[in-house]
Amino acid sequence: MSPTTWRRMRRWPTEAPDVLPTFRQHAGRYGFGLCLGVSFLCLLMAFALLRNSQALGLLEVLPAGFAIAFGVTLGASRDAPGYWIYAARSLKFMVLPSELQQLQQLRVSPLIGLLNPLRRPLSLPLLLAGLITVLLWAGLTLLPAYPALVTLVALGLLFPLLLALLLTGSAPYFMVLASDQGENAMLPQMTRLRDAGRYRAEDLAISLLISLALIWPLHGRPDFDLQSGYGKPEFAVAAMILGWIVTFFLLLGARRSRLYSAVGERLSALLRTPSAPVAGSARVLPRMALYYAAVGLWALLLCGLLAQLPQPLPFPLFCALLLVAPGWAFWRERGLTQQRDAEQAGLFIRELGVQPVAAGMPQRP
């Protein structure tokens, strides 16, 4: 990028109270928090995979590893630009002269352009998920006696570290998008604006993909033995409990707020942020009761229907059908969470008087 692209970035506030971190310090804290949160999440999913798999092999680990790495990377890289626009426009840190000089000297290489989550949102998730899958394959091939250790190290340590390093290293590029010059330079390159209205469908697809990869290895467990078919009472009860467990974790993900990213997205012209009202009870407990009742009834109905088939349906297909009801619960709850984030983001912008990117450089009062 030419220096003239960022000439107005010299007006970026470089003085602030001592309590404010510098841009580099803020980026370091962002990376540390991201690494810690992703590590906890991935370890939780890795332990679920270990518990569900009676014989942990390539067929169980590789699909789950790819799904986890792809889904988590897509969510984190999707939220990063909005977060950094929010942090910069809200003046959450100060920019030192040396840091400002580095921002002015940024150049976008073809590789960085290819991995830009605003232009090609799937490139970075596919790259990182492919890398983690290769690492898992190599580890399981070289250390076949320690599949659990390989899985935990790859998903709980290496993947969070790589993701945090990549997104922290990308922070200067996201930061530049908080300037009107950076936004104007990026807009002509956007053949199609990233639509935040599609995030709900993406979150549903990610959640179902990961859930399916984690639960289908249960086929080797005695509770899910298909010798007596799907009509066995023990199997139906186990399926109902499995549906409830999946629903619990899906609803935890559905209620995850991305408020700060939503604020940044509303301030930028690089993203479309439509917000459609979602019908649903304002009270949490009635909604949860409805979700769990629907999931339990669906599990029993599904087992009853499949018991009528002349041949048992393959267990992975059963798992995919079982996820229909938890997926419905996730869809409704995620819509309510996104609506709440949109309302709070609008309130945040109005009350604090945060100016959109097109208004020029933010000034500290």
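Any Cβ shown, glycine's included, is placed from N, Cα and C.
What TrEMBL annotates here:
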- 30-50: transmembrane segment (TRANSMEM)
- 56-76: transmembrane segment (TRANSMEM)
- 124-146: transmembrane segment (TRANSMEM)
- 152-178: transmembrane segment (TRANSMEM)
- 199-216: transmembrane segment (TRANSMEM)
- 236-254: transmembrane segment (TRANSMEM)
- 289-307: transmembrane segment (TRANSMEM)
- 313-331: transmembrane segment (TRANSMEM)
Pairs 6 or more apart in sequence, C-beta under 8 angstroms, 3 or more of them: is that satisfied by the transmembrane segment (30-50) and the transmembrane segment (236-254)?
no
Can you work out which residues elsewhere in the same chain, 6+ from the ends of the transmembrane segment (124-146), have a Cβ less than 8 Å from its Cβ atoms?
57-58, 61-62, 65-67, 69-71, 73-74, 77, 115, 117, 153-155, 158-159, 162-163, 166
Quick check for me: are there 3+ Cβ pairs below 8 Å between the transmembrane segment (236-254) and the transmembrane segment (313-331), leaving out pairs under 6 residues apart?
yes
At a C-beta cut-off of under 8 Å, are there same-chain residues at least 6 beyond the transmembrane segment (199-216) that contact it? List them, or none.
45, 48-49, 52, 63-64, 66-68, 70-71, 74-75, 78, 242, 246, 249-250, 253-254, 315-316, 319-320, 322-323, 326-327, 330-331, 334-335, 338
